[in-house]
Amino acid sequence: MASCPDTLGEFPCWGLLPRKETGVLNLLSKNPSYDGRGTVIAIFDSGVDPGAPGLQVTTEGKVKVIDRIDGSGAGDVDTSTVVQAADGVITGLSGRRLKIPESWVNPNGKYHIGVKGAYCLYPQRLKERITKERKDKKWDPVHKELLAEAQRKVQQALETSKNGASNTNGNISLLEKLGKEDAEARVTHLNTLEKKYKDLGPAYDCVVYHDGEVWRACIDTSEKGELESGIHIGEYRLTHEWAPLTAVDRYNVSINVHNDGNVLEIVGMCSSHGTHVASIAAANFPDNPERNGIAPGAQIISITIGDNRLNSMETGTALARAMIRVMENPHYSIDVINISYGEHAHWSDSGRLGELAHEVVNKYGISWVASAGNHGPALATVGVPPDFHSDSIIGVGAYVSPDMMMAEYAMVEKLPGCAYTWSSRGPTADGARGVTVCAPGGAITSVPNFLLRVNQLMNGTSMASPHTAGCVSLAVSALKQRSVIYSPYSIRRALQHTAQALDLDIFAQGHGLIQVERAVDHLLQHSGGVEDKVRFAVECGGGTGGERRKGIHLRNWKADKPIDTSVIVEPIILNDSEADPNEKLSFCMEFVMTCDASWVKAPTCLQMSYTVRSFQVTIDPRGLERGRVYFTSVRAYDSSNVEKGCMFEVPITVVVPYVDLVNGYQYTCPPEVFRAGHIRRHFLHVPLEATWGVVTLRASHGEKSQRITLHAVQLKPRSSVKTLEYYKVVNLESQESSVHVLSVRGGYTLELCLARWWSSLVDGQVELSVQFHSLRPVQEEVTLLCSEGVQRVDVRSGLRTEELAPQAVLKHHTQVVSPSESRVEVLGGTRDTVPGSRPIYQLVLSYPLSISKAAEVTPRCALLSDVLYESAYESQLWMLYDHNKQLMGSGDAYSNKYSLKLEKGDYIIRLHVRHERPDLLEKLTDLPLTVLTKLPQEVKLDVYTSFNAAVTNGKKFQPTSITHGTTQPIYLAAPSLSDKTLKGLGLTPGQCLLGTLSFAKDEQVRKAVSSHKFGPIRTMPDQYPLRVVVTEVPNKKRSSGSSSSGGCNNSGGGSSEEKKETKNYSDYLEALRDLQTAWITKLDSEGGEQLHKEVTTAHPDHLAAQLAHLQSLDTTAASATAQGRAAVVAAAAKIVAAVDIAPLLAFYGTKNDTRPEAPKIKTQMDKQRNILLEALSRQGSALCADLLALAPLEETPEAFQQVDTIATDIMKFVEPSDSKVNGFFVSYYRVRGLDGLAARLISRQCEEKWTRDNEAKLTEAYTRLGWMHISALMATTHSIRFPPGYTPF
């Protein structure tokens, strides 16, 4: 046996969830009671698992997770249906009989019932695991065995067929032929089912009732109506009860009940993220305190803001509900909010969610901590929050310490602590720091039980933020225990003042690494000042359009002259509107101000009472090195106690770009050494006419591969940082080059950020060069009207000689859909009412959508698209349903993320928008919706050099060179709407075809797509929007004698002045006969019979009347009785006897009919054939029903022979799959035991339109085949395909 080495070291547990670096361990070792006890942290995230390790109790033994809420609505169940038990049983909405346990106490006897699909609750990873396990255990073993057996039967059928053919001189009977087809159909169908396998998951009945004290709910996970074995729990806040949905999934759920039992809220998790975040903030391991979170004594409320329907994306509804819940709660008070979610907004100075966030912090006094984002390393990549208009939210960047590198990442050697490469950097577009402090951005700690693991490493600013929130909880706990007055403002200022400044990028660390022990000491030492509950709102002017900004951020300028900026500072007390007037009267401070930058001039003092003060700051960039960024701030201190720290600051970020490029379009940087975490930023003023840039990176030295991040950003006013962005991580070998094409906009400063990955152990050298190019149309978007036929586009080369090779491609079809229904309704209730009796209203819009063939569609509400946090409205969520009300998919503000592949059929899109002002919603009641459909194949437009060439389909455009400063016209020809790709779209005037127009000859430039690790970015270097507007549709061919001039409104072949055809009396009698015939099926049985006799007496050979009579006899009720079926058989027999089949067969056996009256003859023959087929089909179906009603001993060979003959006669004209006869063949195959063929036919009917009846027939066919695993799957998922109503928003 090998011996253990004597030199093994101790495992660094302290590095798994780092606390030493931020002073947590020191604080708690000296003051154990400052561990967060007495505080509540709200986790706005994906949901917290109360069953995860460390999340059961606090250090005082109290419940850790005191409330669980799903703000998204994804877990809601409509339980508005109320029933009462009969003999201890109720019928659920799934149709199952649900047995009420005797132990239940229900004083009023009322039960609210609903149904919920398990997969609607599961996060994606859990859904994938359970789907695989269900398939592996319940499907694959049975399916593979059945497939093998079916293949054996095919082989047997082939051998039987060969032997039968040799014994009968090659003639095979109908049944032998069908038997062989049936065996093959079973194999084919089983293979198809395997390929198309889709598990929608089980549907659970839900029962809600009030036991006299609390609302309770039962989820029937037995799927058998055995409620005793289902989940039975009470409202979480009152009972703290939770349970795994099943023993296999380990997915812990709890419940809340709303609207007097009419809405059940099942609370789970949409990902593992929230549990990990909560564990960092406040996990408590009584037996292993080394694994504790930052504030183990704190309690948690979990509010899910991620929506399972959107793959855990946050929604406005969820965020609004979360903020409403924490503002004013009678059951508990929230001290700290952590949100490790966020997006990038186009602006931050307005928006409904920003208004609510402003109230949370500045009215209700709750400290709010937010992750800065993982969108770095370029500047201005901080997301929202913390980039709200109110600068009161604490934004946190991510730091990795040497101990973390060893314990979490198992690195071979320690490196100096640094910011993670991907951590978002400040400043915000409007000048605020964006990143307030930084904190450890990684941890190995608890995750939800459904992952089947005890812990996991996760990193991101999502981990740094709860670390900081935990530190705030420690500070608040200390202040409460010492009865010290505090506010979110005093806590934030203390964190800023005491943070440890690191030798790192100022934009990544903010004020530095958080130091909670120092912050607590600072708060205790300097409490009691007049500023404790006061924030200082700083607004800086000078923005375009006169906007007010949170700081000074000069970027899109040439930095060639001084600039003056006005600054306004206003002291605002917490909850200003309700604050004590005496506090405002007593507020008076004298500030001394300083700035450490020689290129900034600002006042040195400022006296302030409770009013607005202003001053001016002068910035002189002359003398600063170009190509770099500079940061400083004007800081104000209380002159009576400077040690309190900075009371407010004016952050100043100045970019001084390179302006004078070589030849006006080239920039080169000599090789630079890149160490781990090293970042080099180059700022270039992009030439005014540039449209794309080519960046070349070259590794000039180094033996090993270098991992380099290239991040390029331009900031466009009132546009998200993602609007003009390029991101790529490349691995460069020695002497290897990497070329990147990125989209640019002239006149804006471009940041080219190169960063060595934070964990790289070997230094490397990289050189960079950039070349700008310009080929652009005079107009930014090209629109071509079909009616105009040709569109001229002028293309200009603004920088240098370029190779022009234009291409125009159509990729999508758009149709605008108007709402068929709209209503504004009040929501109200505790979760949808802002404190102060301000109920939320919602607008619900319904849009019909018809898809003519399978396609990929993207619904888009243009008015509300691409805005979430900055939106004037609270939420916008759409859900798309099929004709059975099954939810097919959902989407929200970011429409480009959500596309659905739909089969042919009719659909309904329901959109909801929320706000507390119903008048704003009323303005949207006619809001149109755009549906973008991806073309099955791209359509290329022809491009010509001249107008005449375009008109005459002459010579097409050939690649050519355009010299600097010249313009080249090109001509686009409108597409032919008769094109096979466009023909089937059902285009109507006003609809559009969308695509792109590109100009560069270089293939790399044309196909370049900007991207980020979070997905594609919309901007493409050489692609401009192209819109083709349909103004007319192709008309049917007119006869050569038509005098029509070809206008788009003329669809017929004759002019309006053409003489109308004269009718005679016989035509009238014929029309009267046809009218009477049509009414035979509309009258009751007695009236229809009488009318039938009248018509047949006058017209004994009129087959249509005979058929109408047959249709009136062949009803569902009649077919259920032998007498009714006999009448159908007799009536059908008369029709069949009246039709001479031989001429019909002769006609359809003729390939070409050259007779002049051929079209008229064909119409007559088709009519006669269809009547015959329907009569045979109805006759055969009735005979099959007779056979199925008989006992096996009562069946006669003659009866079988009769249906065989009918089948043979029908197949002389059409295939069994023909819609006119497939109903008969389903019955016929069943009678003959050909269930494989029957299943194939029914399956095709379901593909055409999935209905309850078709599904019941298909399930029955699978059962007869013995394919019970398929029948069971369909039964389990039936309630998902046919829900009782639309899924709630």
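All residue numbers here begin at 1 and follow the chain in the order shown.
A Cβ is built for glycine as well, from the same backbone N, Cα and C atoms used for every other residue.
The annotation domain 'Peptidase S8/S53' is assigned in TrEMBL to 36-512. Taken from TrEMBL, the feature active site, charge relay system applies to Asp45, His273, Ser462. The domain 'Tripeptidyl-peptidase II first Ig-like' annotation in TrEMBL covers 534-655. Per TrEMBL, the feature domain 'Tripeptidyl-peptidase II galactose-binding' maps to 674-761. The annotation domain 'Tripeptidyl peptidase II second Ig-like' is assigned in TrEMBL to 798-983. Residues or ranges marked as region 'Disordered' by TrEMBL: 1034-1062. Per TrEMBL, the feature domain 'Tripeptidyl peptidase II C-terminal' maps to 1056-1117.
Everything TrEMBL records as a feature, shown here on the structure.
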residue : record                           : CB count, 10 Å
Asp45   : active site, charge relay system : 30
His273  : active site, charge relay system : 24
Ser462  : active site, charge relay system : 26
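If you average pLDDT over the domain 'Tripeptidyl peptidase II C-terminal' (1056-1117) in this model, you get 82. Each residue contributes its Cα atom, and for His273 (active site, charge relay system) and Asp45 (active site, charge relay system) those atoms are 7 Å apart. According to DSSP, the secondary structure content of the domain 'Tripeptidyl-peptidase II galactose-binding' (674-761) in residues is 0 helix, 51 strand, 37 coil.
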